[in-house]
Amino acid sequence: MLLIKGAEIVNPAGSYSGKGDILIKEGKIAAIGPELHLEGVPVLAAGGLLAFPGLIDVHVHLREPGQEAKETIASGTRAAARGGFTAVATMPNTSPPVDRAILVEGLRAKAEREGVVRVYPVACITKEQAGEEITEMADLAAAGAVAFSDDGRPVPSAAVMRRALEYAKMVGRPVLSHCEEPTLARGGVMHEGYWSTRLGLKGIPAAAEEIMVAREIMLARETGCPVHLCHLSTAGSVELLRWAKARGIPVTAEVTPHHLTLTAAAVAGYDTSTKVNPPLRGEEDLTALKQALAEGIIDIIATDHAPHTREEKEQEYDLAPFGLVGLETALALCWQELVGKGILTPAQLVEKMAVNPARLLGIEGGRLVEGAAADLVLFDPRRVETVTAESLVSKGKNTPFLGWTLTGWPVTTIVGGKLVMQERKLLV
Ligand SMILES: NC(=O)N[C@@H](CC(=O)O)C(=O)O
Ligand SMILES: [Zn+2]
Ligand SMILES: [Zn+2]
């Protein structure tokens, strides 16, 4: 038993919000309300802290199986816990890719043993992510896949994607689409625009994303299958999404903290941790993405946590792999840059990072209510910390936010009633 006392509870989809207490018993929330009086129960004093339902990241690369030098279930879920996440969905672009039921089962078993937070596997849309043959979606869903994605690459053929959506709809799982038109993106390493010209790097135009966003919207409309658009990065994508939602087409979308806070100008020092897919875009894109979040056109903030080894990232900009780590900085960044700047309210931030993610994946969580699993995070809005490579527990140190001093950090993470992080320190 544990009684969390005096927190400001931010719980837009739950039963109680406001200053109050939360009683945890046998891994579940036993009571939540303005003031709970109990004798002999250990108390966690949370005055001055905010309590959120545990954050859920719908887009994480844990790199197992096969790429354990980049990250493991153990290291990646520890990073998640330290970032205030109590659940993550893990992408299937591993080696081998998660395209068979046995691999989903293996992942779940390993996560059960070694994971610090809940792990929900996403399985491939196509076998070996080759874009040709659709996976055995019914078997994968039965084994526990919560969604399908070929993330890391697009599904180039519209005909294959259309059939995939028909099957996914039958098995009742969403498809998470990495929107990238391959012939336009080929060879590009950053956003196509002023900075790519100035730095002499090959660009990836905004249209590479937008063409595929438009395609997925049309296919969602035709098949009725829910399509979720990963890591949106351009103002044009936002316009298309706005158009689709106005028509009731079943599409949702996510944006990453880095696409909300950095532009292509960050590439100027050739720091390869700024090399990410989709690339960091322009100022107008950031403005449109933030506006869309505030309006509810973009539903979710997801990290796209993509760890790589130091050796892989310490190459010429052209050769380094795409991706950056985000689990440990996402909440602090979003708090400072979105809530702190009046773009989102704390309740809206919780919607984007917990409520809507649970809804998308059809999983428990995202709300603090009696009887629900006790997955929650305590957040200190006044805590100031500087991001350093040494402070990160992820194996990946590839983040462009090294050296940033941020205000507002998660201080305690509880998964199923168990304290996994306290005072910024992992307990497991
Ligand atoms: N985002 C990235 O730049 N990289 C991701 C793949 C992806 O999310 O498309 C990775 O797996 O490294
Ligand atoms: Zn992707
Ligand atoms: Zn990804």
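In case you wondered, yes, glycine gets a Cβ from its N, Cα and C as well.
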Checking TrEMBL, the member of His178, His191 that binds Zn(2+) 2 with Asp151, His231 is His178
Have a look through Asp299, Asp304, Asp318 and flag the one TrEMBL assigns to the Zn(2+) 1 site that His59, His61, Asp151 belong to. Asp304
Mean pLDDT for the domain 'Dihydroorotase catalytic' (50-234), as a whole number? 98
What are the other residues, in sequence order, whose C-beta lies within 8 angstroms of the center of the C-beta atoms of His59, His61, Asp151, Asp304 at the Zn(2+) 1 site? Val60, Met91, Gly152, Cys230, His231, Ala302, Thr303, His305, Ala306
Just counting, how many other CB atoms are there within 10 A of the CB of His178 (Zn(2+) 2 binding site)? 24
Using CB under 6 Å from any atom of ligand 1, narrow the binding-site residues Arg63, Asp151, His178, Asn277, Asp304 to the ones that qualify. Asp151, His178, Asn277, Asp304
If you count, for each of the binding-site residues Asp151, Asp304, the other Cβ atoms lying within 10 Å of its Cβ, which residue has the minimum? Asp151
Under 6 Å from ligand 3 by C-beta, which of these binding-site residues make it: Leu62, Arg63, His178, Asn277, His308, Gly323? Sequence order, please. none
